Each structure stands twice: as structure tokens, then as C-alpha cells.
Amino acid sequence: MEGMAYGAGKAGGAFNPKTFFQQPHTILRILSWFFSIVIFGSIANEGYVNRPDEAQEFCIFNRNQNACNYGLFMGTLAFLCCLAFLALDVYFPQISSVKDRKKAVLADVGVSAFWSFMWFVGFCFLTNQWQVAKQEDNPLREGGDAARAAITFAFFSIFTWAAQSFFGYQRYKLGADSALFSQDYIDPSLDAGAAGDPYTSFTAGGNNLGQGDPVGGSSYQGINECCLGNALWTACYRRIAGWWTSEGILCDCVA
């Protein structure tokens, strides 16, 4: 894609909310964020039940406290991770360094793949504990809908995070347009000068110096440096950004 670097254009462009929310990875992040809220909320609100003759509440998933803790902990972290990457997506077009963009995209690929795997583990864990749960531990069948919702959205999260990893990898494969982006920072003034028109002539002390043309009373020192001299003075000139500029340094030119 011409003029693009890892899925975004040149830095400094105005933020377009419509374009941002239409991007596939943005939609997937919002879905993953919503799924994490459902998983956390389902377990936190109705994930603990007890028998009629008990006061203490236990995890609805086979009274295994680790199952509820896993769902709560992963749901909270996934929620925060989604917000962090959404913020990064908003800031991403403003990143001018191609290297930093590459790091951000690679982080997206790795983190998304990690979360897909963790939700696969969570789905298997919660499903197994729900299947082996004893009916006598919850005779009133309380919280059944919440448990099934947590399992269902854990399953959906596997694919939303995997898809984020896939789209991140696609952005990584796009790479950067070398014509518009450089790997290292270059001073814009120097870069513009180097790309400008070549110097044509310079006049000092009545002597005209053309580019690469030695004249009387001067000795040529190379492409970027030249000395001018006469019977009265000697001065050094250096080519900076396409212009011959006096450095105010005496040199050993022979008139």
C-alpha cells in the first residue's frame, strides 16, 4: 500500500473517528472488551452459590475456587489490555518512527496470540468444572445462566483475540513504504537541502566558483569542501545543505 507504514499513513494526520471504528482490529478489540466484561460480571455477580443449609458461598464451578478466580482475574486483565490497545490504536498514526510502529504491531501480534491461548485454557477449564459440578451442591440451580454465559463468551474470546493476532500479522507484512518512511530520524532541513537543486555558482572576492570548477586563485578540496584564497586573505568554505557557507576558519589554501 503506497504511503503506508504498518497499516497507517504518514504521522501527523487528523484523527478520523469514523475510519477508526470501521477498522477490523478496532471492532475486534471492542468485542473482546465487551466479552471480558460479561465474563467478569457473570462470575462476580452470580458465580458463588450455597446450599440452603449453608451460610458460606462456594464457586459455582464444582466449588472450585480456582475456576472462579481464573475467570475473574483473566476477565479483569483482558478488559485493561483491550483499553490499552485501543489507546495505542488511536495514537498509532501519530508515531513517526517506523521502528516504533513495527514494535507496536509485533506487540499486538504476540499479546493477542497469548490471550487467545489463555481463553482457550479458560474455556476448557470452566467447561470441565461445570460438567463435573454436583447437583446437590446447587439444588436450586442458581447461577446456571451466569456460568453458561461465562463459558460461552470465553469461547468467543478465543476467536476474537486470534483474529486480532491475524490482522496484526497482516499489518506487519505490509511493512513500510521506504519512499515515505525512513528507519532513522533525519533532520527535515538537511534532507530537504540534500534533495534540492545543485549549487551553481558562488562569488567571493571577485572570483566565481562553479560546482566542481576550479578557478584562478583557488584550490579545489573535494565535493563538500573548498578553499578560496588570494593575496590578502584565506578562508574555508564548506558545503552545507547544498550551499557554500563560510565557516570562518582559516585554512592552508595556496593562492
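Each residue, glycine too, has its Cβ placed from N, Cα and C.
Marked as domain 'MARVEL' by TrEMBL: 20-173.
TrEMBL lists 26-44 (among others) with the feature transmembrane segment.
Per TrEMBL, transmembrane segment is recorded for 70-92 (among others).
The transmembrane segment feature in TrEMBL is assigned to 104-126 (among others). Within the same chain, residues 6-7, 25, 32, 61, 67, 70-71, 74, 78, 81, 85, 88, 92, 95, 147, 150-151, 154-155, 157-159, 161-162, 164-165, 168-169, 171-172 sit at least 6 positions outside the transmembrane segment (104-126) and bring their C-beta atoms closer than 8 Å to a C-beta of that stretch.
Per TrEMBL, transmembrane segment is recorded for 146-163 (among others). Away from its own ends, the transmembrane segment (146-163) comes close to residues 24, 28, 31-32, 35-36, 38-39, 42-43, 45-47, 60-61, 71, 78, 112-113, 115-116, 119-120, 122-123, 126-127, 130 of its chain (Cβ-Cβ under 8 Å, at least six residues beyond either end).
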Outside the transmembrane segment (26-44), at least 6 residues beyond either end, the same-chain residues with a Cβ under 8 Å of its Cβ set are 20, 68, 71-72, 74-76, 78-79, 82-83, 85-86, 89, 115, 146-147, 149-150, 153-154, 156-157, 160-161, 163-164, 167
Sequence-distant residues near the transmembrane segment (70-92) by C-beta distance (under 8 Å, 6 or more away from its ends) are 8, 15, 20, 23, 25-26, 29-30, 32-33, 35-37, 39-40, 43-44, 47, 101, 104, 108, 111, 115, 118-119, 122, 125-126, 150, 154, 157
